[in-house]
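Chemist: Before we start, here is the structure in question, set down as structure tokens.
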Amino acid sequence: MEVVPEKQQENATWLVTEFLLVGFSNLPDLRTTLFALFFLTYLVTLSGNVTIITVIHADRTLHTPMYRFLAALSLSETCYTLVTIPNMLARLWMENQAISISGCRAQMFFFLGLGCSHCFLLTLMGYDRYVAICHPLRYSVIMRPTVCLCLGALVFCSGFSVASIETSLIFSSRFCRSNRVEHFFCDIAPVLKLSCAESASKALAIFFLSILVVLISFLLILLSYAFIVAALLRIPSAAGRSKAFSTCAAHLTVVIVHFGCASIIYLRPESGGNPDQDRLVAVFYTVVTPLLNPVVYTLRNKEVRLALRRILARSHVILK
């Protein structure tokens, strides 16, 4: 059996068997500070999401579709951060920049799968608010548990199906231009640049697929809120309108931040861009945005805050 060397020279190019994640290697003096900052942020994010999941599971008053979808969103956020942040922290701490191609492919698959699922889940949450406000008498029938379970399964199956297509497109050919990935994790654009084959057609296919995921999801959310606003305008009292819309405020905040970042990174026809700017935006949507979600949903949601107080009060009584 012929043994294929790890690297072989072919037409003055090197076939790559592993990547080097550049990450923050251009900021050696800030490694310790960045590690401490990202680590503390990650701990707060994990704590916030775990708290939301625990509160919703423990308090029966929150066993409604709206809060079950919120628990699914928190679980998705937790897995989403697990894909990138621990790896980034390890590389900041140990200065080991290498990652195998199979490891890079797995990281990209789960990152894209959870990211797409996140878009679809936010769309589903918008639909849930539309049914609750526009069809309140039929809400329990339309959003019954079996329907919610099927919709939730469809969200994640669709998200990972899109991720499978995009990942297969990117890793369908070998890499030979360089082994340096100008990022702190395996994202689409910096990996696609290293492909031996002509990547323009792949970039265009991925661009249009990203358009389908991001733009269609966002338009469906806008459609839901168009119907919601129309329904709210028919409510005679300002207090009634405010109470009805208050359940949407946190969701809208998360939608704006999530889709804003996704649009900046993925809705570009060219895979160029400034690597330093891309890394800065990536830090925002992989580190800051997951922190923002539990903060928004706990501080702006009265029912979650009350449920948390009830659980803490019960725990205090039991400990006594």
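Glycine residues also receive a Cβ, built from the backbone N, Cα and C atoms like all the rest.
Those TrEMBL annotations? Automatic predictions, nothing curated.
Below are the features I grabbed from TrEMBL:
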{"type": "TRANSMEM", "residues": "34-57", "note": "transmembrane segment"}
{"type": "DOMAIN", "residues": "48-297", "note": "domain 'G-protein coupled receptors family 1 profile'"}
{"type": "TRANSMEM", "residues": "69-89", "note": "transmembrane segment"}
{"type": "TRANSMEM", "residues": "109-127", "note": "transmembrane segment"}
{"type": "TRANSMEM", "residues": "147-165", "note": "transmembrane segment"}
{"type": "TRANSMEM", "residues": "203-233", "note": "transmembrane segment"}
{"type": "TRANSMEM", "residues": "245-267", "note": "transmembrane segment"}
{"type": "TRANSMEM", "residues": "279-299", "note": "transmembrane segment"}
Chemist: Counting only pairs at least 6 apart in sequence, do the transmembrane segment (34-57) and the transmembrane segment (279-299) share 3+ Cβ pairs under 8 Å?
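Modeler: By the criterion, they touch.
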Chemist: Under 8 Å, at least three CB pairs between the transmembrane segment (203-233) and the transmembrane segment (69-89) (pairs 6 or more apart)?
Modeler: no
Chemist: In the same chain, which residue numbers or ranges, 6 or more beyond the ends of the transmembrane segment (109-127), come under 8 angstroms Cβ to Cβ?
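Modeler: Here the qualifying positions are 66, 69-70, 72-73, 76-77, 79-80, 83-84, 151-152, 154-156, 158-160, 162-164, 166-167, 185-188, 213-214, 217-218, 220-221, 224-225, 251, 254-255, 258-259, 262.
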Chemist: Which residues of the same chain, at least 6 past either end of the transmembrane segment (69-89), have a Cβ under 8 Å from a Cβ in it?
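Modeler: Long-range Cβ neighbours of the transmembrane segment (69-89): 23, 35, 38-39, 42, 45-46, 48-50, 52-53, 56-57, 99, 107, 110-111, 114-115, 117-118, 121-122, 124-125, 128, 148, 152, 155, 184-185, 254, 286-287, 290, 293-294, 297.
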Chemist: Give the nonlocal contacts of the transmembrane segment (279-299) in its own chain as ranges (CB under 8 Å, at least six residues past its ends).
Modeler: 24, 38, 41-42, 44-45, 48-49, 51-52, 70, 73-74, 77, 80-81, 84-85, 182-185, 187, 250, 253-254, 257-258, 261-262, 264-265, 305, 308
